[in-house]
Amino acid sequence: MSMLFYTLITAFLIGIQAEPHSESNVPAGHTIPQAHWTKLQHSLDTALRRARSAPAAAIAARVAGQTRNITVDPRLFKKRRLRSPRVLFSTQPPREAADTQDLDFEVGGAAPFNRTHRSKRSSSHPIFHRGEFSVCDSVSVWVGDKTTATDIKGKEVMVLGEVNINNSVFKQYFFETKCRDPNPVDSGCRGIDSKHWNSYCTTTHTFVKALTMDGKQAAWRFIRIDTACVCVLSRKAVRRA
């Protein structure tokens with residue numbers, strides 16, 4: 001019985017050694033697999049090829065029924081290209097920033113996984129000097145209940161509210177700025193000559209990197225958030241006598 005077993009093993013090894021290998025199944029830059037490579041090694045090579053052809057933004061984070069169960073590798077937040085001063089992952093709600101001057105401090109100190117290093121502004125520098133007023137009034141808040149957003153392709157996507165990082169639940173916050181009132185004065189924007197100009201305040205947007213759902217995986221996407229309040233002007237038609 002043992003002799004038959006050894007004979008079968010020998011025949012199996014000879015068959016594997018004689019089997020031809022196709023170079024088309026080998027990733028670029030690698031040599032042809034040796035005869036002693038097993039099917040497991042072959043499957044690993046296939047997985048590597050698929051990973052190299054996949055988009056760089058995809059994250060290997062599986063969904064287990066609910067978004068709060070998604071586990072994310074903290075090393076992903078060390079990539080500089082994924083950082084945004086308006087996106088914050090924190091275990092506790094960030095303090096309410098009175099204006100965008102406080103934005104750097106909030107992002108740099110509240111979340112260890114997406115810190116940004118930017119030049120420090122003087123805390124004693126006032127936003128407006130005496131006698132100066134803003135053309136439009138804006139309000140800035142940290143938004144922590146965003147569930148959907150519009151991506152850079154114009155499609156509506158689901159935003160991850162919470163992720164698990166090192167066995168701690170981090171919530172995803174967005175620092176958004178929008179207009180308090182489209183018409184801060186009766187004529188529109190403040191300080192505009194209403195005799196010659198029509199004016200109104202409107203909220204503008206920008207795109208930031210955020211963790212969103214992509215099928216059954218978490219993925220980085222550019223999503224649109226409110227970031228500023230600006231004055232829109234149009235010249236009034238001149239009436240000719």
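Using N, Cα and C of the backbone, Cβ positions are placed for all residues, glycine too.
For Cys231, the cysteine that Swiss-Prot lists as its disulphide partner among Cys189, Cys229 is Cys189. Of Asn114, Asn166, the one with N-linked glycosylation site in Swiss-Prot is Asn114, while the others lack that note in the record, though it may still apply to them.
Cys189 (disulfide bond) sits 11 Å from Cys229 (disulfide bond), taking the Cα positions as reference.
Annotation note: Cys136 (disulfide bond) sits in a coil segment as assigned by DSSP. For the disulfide-bonded residues listed here (Cys136, Cys189, Cys201, Cys229, Cys231), the lowest count of other CB atoms within 10 A around the CB belongs to Cys231.
Candidate recorded positions: Cys136, Cys179, Cys201, Lys209. Nearest to Cys231 (disulfide bond) by Cα distance: Cys201.
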